[in-house]
Amino acid sequence: SECLVIGERVWTELIESLLQCSSFLVFVPVEQLPTITAQSPSSLIAFPFDESYPMTCECENNNTLFRWMKNGQEFDPSSDPRLMKEEDSGTFVIPNNGNLTEYQGTYLCYASNKLGTATSKEIEFIVPHVPKFPKETLDPVVVEEGQPFTLKCDPPKGIPPLQIYWMTINLQHIEQDERVSMGLNGDLYFSHAVEKDSRRDYCCFAAFPRIRTIVQKTAMSVVVKTTNAILQRRPLLMTPSGVRTVKHLVRGEDLKLECIPEGFPTPQVEWIKIGHKLPTKAKLESHGKLLIVPTIEQEDSGKYMCKAKNKLGEVIHYFTVTVEEPPEWLLEPESQLSMIGSDVLIKCSATGTPQPAITWRVNGLPLHGSSPRVFMPLVSIGNSFVSAVYQCQASNRHGTLLANANIMVMNLPPMILTKEGEDYTAVDGRGVMMHCNAFSSPPSTITWSKDESSESLVGPRFTVHGNGSLEIYRAEKEDTGQYTCYAKNTEGTSAIEASLYVKDVPDAPEHLVLSEHKTKSVKLKWTPGDDHNSSTTEFIIQYEESQWEPGNWKELLRVPGNHASSVLKLHGHVDYRFRVAGVNGVGRGPPSEPTERYKTPPTAPDKNPENIKIEGHLPHEMDINWEPLLPIEHNGPGLEYKVSYRRQDLEEDWKEHVVKRHSFVVANTPTFVPYEIKIQARNNQGWGPEPNVVTGYSGEDFPSAAPDDVAVLVMNSSVVKVSWTRVNKDKLRGHLGGYRINWWRLRSLLDLKKSHGDKHTLTLPGDRNHAIVPRLQPFSEYSLIVMTFNGRGNGPGSHPVNFKTPEGVPEKNPVFKVTETQRHTVSLAWAPPAEPNGVLTGYLLEYQLINNTEEVGQLQTIDINKPGTTKWTLRDLEPLSKYKFHLRSCTTVGCGPVISEESTTTLEASLASIHGGISNQGWFIGLLCAIALLTLIVLIACFVNRNKGGKYSVKEKEDLHPDVESQGMNDDTFCEYSDNDEKPLKGSQRSLSKEIKAGDSGDSLVDYAEEDTHFNEDGSFIGEYAGRKEKRMSSEIKATTQSLA
């Protein structure tokens, strides 16, 4: 950070309410330093469709003089009659008439009065020219087929943003794909030329939307010379050049990295962030050649890599991305008021990447010389300093910040800015803050006193803060009173007064008196307690009775806070007592002492039962239930209920029954007919008031009829629409609950035999005549019925309606597996779908190379049109490669869901797979035993031959009778053997390792044995044995391979 210090000591006063120019004007009757309040943006562009261009510079201070600098030279707007100048303002307006170019430049506004000068930020006035492509004659681009080439756009400079389009003369866009793409610079790149690239109307269009202009470059011609064959080429990058690019971006910008390769076949581009995953917000455009990371942040910096590759090779380019930031204030310099001769500290700190450089100005002029003295991290000025405007500027290559700090130096007596006579309130036991904001120079000392006392308030419950406010902790009722704030400095003293009222909940009312005793009422009077500076808003009257819930106080009544008596309505035969509590803005106060008891005489009930419910659980009964009276509502002993009822649809007398419980069952009623019911309470003192009549129905029975005209409309292979005619109301025999649809599957249309499948039900509440039935099995026959239901249950079902669903797509195959893998082949097997949902027409088999990388091979498709096929062998696959296989079953409607499997081909043909087919055969086991026995005999013969010292030397025989093929079979080679039954002899190993084909024995010992016919006795024995053994082994393996193939 940077600091500006005035004087030899570091001492600063911050007046929060006076940091803005307007605050000084309102409260302080002294001239203020100028503060610029409005200015034009840092870039002011003269768009041709605007009428004028205001160059703004405003300050709220009066008596301010404005002057302008243009490109570092004095500029007087009033001397130019074409410019419009505003009175008492630094603003002038450049009209859009005539030549604007002469006004182009960088402007700076200075606002001055006798105390100092404030400066604006630099304002650049830009007069855009109409961008144009140069008029030029372009030679045709001649390129051989298969070679790369680039069409240059070189758009003219203009006001951003710039948008580039490649089109034909007829304004048809040039098609772009993996081979053809436009770079960020606007050039059009061709990875390799093809014959169709030949044309004479390649046009580059540059659009400048901010100035509403589009310009076109001269059309370019391309001639592609055809060749007999296009030579394949490994990838190279057309752009960017070199192996590494360094990118500096500002935080919040969009990162755009491009790699446009050339080569044949067309290279594919892959993007990697080294050491990290690509940002989740990253996206690829231009067919993978352009990586965009929008709104880049610091964590997006790092090293990126693009890799372009085809089957002949790859090329790599690295990007080092650094995210930088324009300056931002960490600590912006603040305006201050200081007394004459004091020290001042002005702090200024900014962050950014690169780190911004801090420079200081005073009244618009650079700080230099011994006074002020410039050093890190402070700028120091002597104590002869007077009021001025200091500017702190923070700059790096991405921008500049400028802040003005008004430093007022004067001596003023205290002026208390807080309003006189403020009223404060506090709640007992909680804190309160009373304010006394003073403005003075030098700073004031603030003290507080209470009432008439001249003593300053001190103690652990009182704190005077730096801004002059008095804080009282845990306020007490005794803190209520008048307070005085004193602000004092060397220039004088000021004071204001304030009032504090400490509030609390009301005290308990007193002197409760009962009067006007009546049978069902009594009058209660009380004297309110102290409201503690918060008016009582209401009183709560509670009661307690001794018979039913003794000791439990319940609320009886609430009355307004300005009342001190109330008539209480009571029940009969209850022994009461009462109490009262007050409520104010703080809360509810404590209750009063209870009154003496008052017992009311018994009376007839005041009310009848409520919430009468009429239900019918059985067809010929009607259940009547009601909410009983509370015990306190009995009004006396002997409570009973008279239940009266009669049919509503007939003129008949009321039937009456008296019960003590709160329910009654009326038997032998007709099914579901309306009744009128009333219930009246009585006790030993008499009857309650005349009851209200309610209506209900007797018990329900099952509906007696089924819906008619049931119809089914098939909507697709799994959904049908069902409609019906509603059941007549008199057949419902109860309240309509709704309708139910039951259906079950009879058979698949592939089967002739019908069977009753699981029943499914769809319940539809309410009155309706249609519904949608989902989730049916395609290509099936169903049966369906519809019924209605009421509170008792379901009615009879309708006549069954049979319908058939059309074909759909099959279900997923239950089994799909790899049964065998070899160097170039993979064998697959599967089971047909359990539900084909139609007539199976075959299978769709797809596969592609995956190899555990982001590279995915082209998807290959095989249509298997024989539905009985359940296995397939894929050929001509890459060795030691991972493949993914997909299988779907199909009908005439389409193919069903996919089931997938993965497998990797082997590097060599698998002998184990060959051996696996024969190893369990008896003849093969016998053959192995014979080979083992013969091998033992051969070993013994070799051993004997060596020990005889050449008596039966094959070597000598070969020397006497030289033979080209037999010379390669020396004793050591011949005597090698396998120590594992599953390993072939060395002579046959080579042919097995290369996908054994019929008639091709490779370079085995069989060939030598068959041709070597002129050995001596010992040699013939050995040769015949070798020939017989190797020939048999080789022929067996060949035969097995042919049968497997």
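In case you wondered, yes, glycine gets a Cβ from its N, Cα and C as well.
In TrEMBL this protein carries:
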- 34-124: domain 'Ig-like' (DOMAIN)
- 128-221: domain 'Ig-like' (DOMAIN)
- 235-322: domain 'Ig-like' (DOMAIN)
- 327-408: domain 'Ig-like' (DOMAIN)
- 413-501: domain 'Ig-like' (DOMAIN)
- 508-603: domain 'Fibronectin type-III' (DOMAIN)
- 585-611: region 'Disordered' (REGION)
- 608-701: domain 'Fibronectin type-III' (DOMAIN)
- 706-808: domain 'Fibronectin type-III' (DOMAIN)
- 810-909: domain 'Fibronectin type-III' (DOMAIN)
- 923-944: transmembrane segment (TRANSMEM)
- 959-1000: region 'Disordered' (REGION)
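Here the domain 'Ig-like' (235-322) does not touch the domain 'Ig-like' (413-501). Their Cβ atoms form fewer than 3 pairs under 8 Å, with each pair 6 or more residues apart. Each residue in the domain 'Fibronectin type-III' (810-909) gets a DSSP state, and the totals come to 0 helix, 44 strand, 56 coil. Secondary structure of the domain 'Fibronectin type-III' (608-701) per DSSP (helix as H, G, I; strand as E, B; remaining residues coil): 4 helix, 47 strand, 43 coil.
For the region 'Disordered' (585-611), the residues of the chain that approach it from at least six positions outside its boundaries are 427-428, 503-510, 512-514, 517, 519-520, 522, 524, 526, 529, 532, 534-535, 537, 540, 542, 544, 546, 553, 570-579, 626-629, 633-637, 639, 641, 662, 679-689, 691-692, judged by C-beta separation under 8 angstroms. When averaged over the domain 'Fibronectin type-III' (608-701), pLDDT in the model lands at 93.
With DSSP states grouped into helix (H, G, I), strand (E, B) and coil, the domain 'Ig-like' (235-322) comes out at 3 helix, 54 strand, 31 coil.
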